[in-house]
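Pasting the relevant annotations from Swiss-Prot:
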{"type": "TRANSMEM", "residues": "9-29", "note": "transmembrane segment"}
{"type": "TRANSMEM", "residues": "46-66", "note": "transmembrane segment"}
{"type": "TRANSMEM", "residues": "70-90", "note": "transmembrane segment"}
{"type": "TRANSMEM", "residues": "102-122", "note": "transmembrane segment"}
{"type": "TRANSMEM", "residues": "130-150", "note": "transmembrane segment"}
{"type": "TRANSMEM", "residues": "172-192", "note": "transmembrane segment"}
{"type": "TRANSMEM", "residues": "196-216", "note": "transmembrane segment"}
Amino acid sequence: MKVRTLTAIIALIVFLPVLLKGGLILMLFSYLLAFIALKELLNMNMIKFLSIPGIISALGILIIMLPQDAGSWVNDLQLKSLIAMSFILLSYTVLSKNRFSFMDAAFCLMSIAYVGIGFMYLYETRSEGLHYILFAFLVVWLTDTGAYIFGRLMGKHKLWPVISPNKTVEGFVGGLICSLIVPLVMMIFVDFNIALWLLLIITIILSMFGQLGDLVESGFKRHFGVKDSGRILPGHGGILDRFDSFMFVLPLLNILLIQI
């Protein structure tokens, strides 16, 4: 418990100033987190980061996370690069004599999209305004807290025992309820330029998908037979273990709240 608490304190000391500062430093930090998360994901599937598929995947992350405001050429480059990488990875299945399979190629492409899009929206959301990124983090944290408390106090019905045996329906609902505290409080101090009832609906959707993101990452770990995605955060596991909910919440937040 002491190790877990100490890790959380150190992580906050490092991450919070970067998040508040935003800009280039957050973008570079997001890239760092994305590369670590990609390595964790590839390791689950026994694909080495410093291998041809690993390097191609890292290049995909590099391209897919390019700032969207850099120009229209970015989207064109991203599309053409993903097409090229698909052909290269599929060709490598033949060159490796199926030691690298078609499923591995699909896994690499999925990893690029899953990790790259999630962490791209970490700095993209911050660039839209500090209140948006704080909103996302608070929704996820209140959801996790509510799910834990309600699950411990009232949890009787398993939510998805095959994937995550400890999660309950009561915890899931409790997470949704607690997440609503965020818009109710933030609307007092921040103008989201949206009606409160609509923001409450968006919050519920974000809370639901945040919990789904947690389950998806749990599904990865259970499928590959690992307890944690990594060991870079003592007591907490890996980067994916800490950011799994955000992989779903941040892109969805941009679609539902920022871009409407």
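The backbone N, Cα and C atoms fix where each Cβ goes, glycine too.
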Looking at 9-29, 102-122, 130-150, 196-216, which one has the highest count of Cβ pairs under 8 angstroms to the transmembrane segment (70-90)?
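The stretch with the most close Cβ contacts to the transmembrane segment (70-90) is 102-122.
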With Cβ distances under 8 Å as the criterion, find the stretch in 9-29, 46-66, 102-122, 196-216 that has the most pairs with the transmembrane segment (130-150).
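The stretch with the most close Cβ contacts to the transmembrane segment (130-150) is 196-216.
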For the transmembrane segment (196-216), could you work out the same-chain residues 6 or more beyond its ends whose Cβ comes under 8 Å from its Cβ atoms?
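For the transmembrane segment (196-216), the nonlocal Cβ contacts are 136, 139-140, 143, 147, 160, 163-164, 167, 172, 175-176, 179-180, 182-184, 187, 244-249, 252-253, 256-257.
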